[in-house]
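Novice: Below is the structure I would like to discuss, written out as structure tokens.
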Amino acid sequence: MDAAQPPPTLLPGPPAPGIDAPREAAVCDLRKEPKIPEPFVWPNADARPASADELDVPVVDVRVLRNGDAAGLRRAAAQVAAACATHGFFQVSGHGVDAALALAALDGASDFFRLPLAEKRRARRVPGTVSGYTSAHADRFASKLPWKETLSFGFHDRGVTPVVADYFTSTLGPDFEPMGRVYQKYCEEMKELSLTIMELLELSLGVERGYYREFFADSSSIMRCNYYPPCPEPERTLGTGPHCDPTALTILLQDDVGGLEVLVDGDWRPVRPVPGAMVINIGDTFMALSNGRYKSCLHRAVVNQRQERRSLAFFLCPREDRVVRPPPSAAAPRHYPDFTWADLIRFTQRHYRADTRTLDAFTRWLAPPADATSTATAQEASSC
């Protein structure tokens, strides 16, 4: 692989519509709200009901990468190729993640989110970063708030210390060491699974064996625990608004409640939880790595009036300074310029609310026309 190049010089500018300047959020306890506060109401176009037809999401047995089943491997690669070229979602079985560990991680999320609000806020997210606790992302947005709470933290395995376990003890105290150990182990399992999936993606795209696995070997990923409380008016809000993931790959563990929906051909299609399987979806970064062959698709999460819902999302990301570019064998022309993950995460955290146009908007932001350069510079000067 080529050595990472310095990131390009980025032009500063004001936050995009929908993203506020960093501020201290007004936090509410969603479990105690008798009706939906106005900032949580979503437009009908976003919150419209889903189709009765479930999304056709193949369940791919990833054991074929190791058991010598050549026919099964060809079938798995074909299933992944068909799904990723259309809606970008598939599920994996045979992944080897211990069921007891997965349950402990889900239960750990329940334990954390049931803590008193003041205790959870000891881990509150610093604006402009991705780690920490937030209620409804109210630290970033003023309207169209999601009906959920999240706890996010970074993961990498390049050092000698267990970064996730250290995060829990340093942020929440020594009583949370057992919870930190659970998530440390879970993230390690997710990292290994993500590299296995990269091997399958290599085969499905016909690129050089090992290209994507090597690219993410020293990854700096994000783990997020999601909690969706019961909602008094679920038809007026969303648990997670329509978005595309800016990351490379998402591995989602759902409980049995369900709520994930994907927009396909103008309809929101539910993704039914499959016991023991994990949902995989392509993000913007991998769409760039595949030169646009595989799609990052709009998806959302809905809530209900009766049951809480939990999910765990592991977002595979490159190392911050790794240059994102397709493999040498990718067909020309290039659809996206070279960029680093540090550039893209900065853009989505401070300037743009992720959607189907994120990569296109990001490309323009990296290299704006000359008149936009002078405008952005003037806007920055006037805000100082």
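Glycine is treated like the rest: Cβ placed from N, Cα and C.
Any TrEMBL annotation is an automated prediction that lacks curation.
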Novice: Write down the single range among 1-23, 139-161, 300-322 that appears in TrEMBL as region 'Disordered'.
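Specialist: Range annotated as region 'Disordered' by TrEMBL: 1-23.
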Novice: So what's the average pLDDT for the domain 'Fe2OG dioxygenase' (218-318)?
Specialist: 95
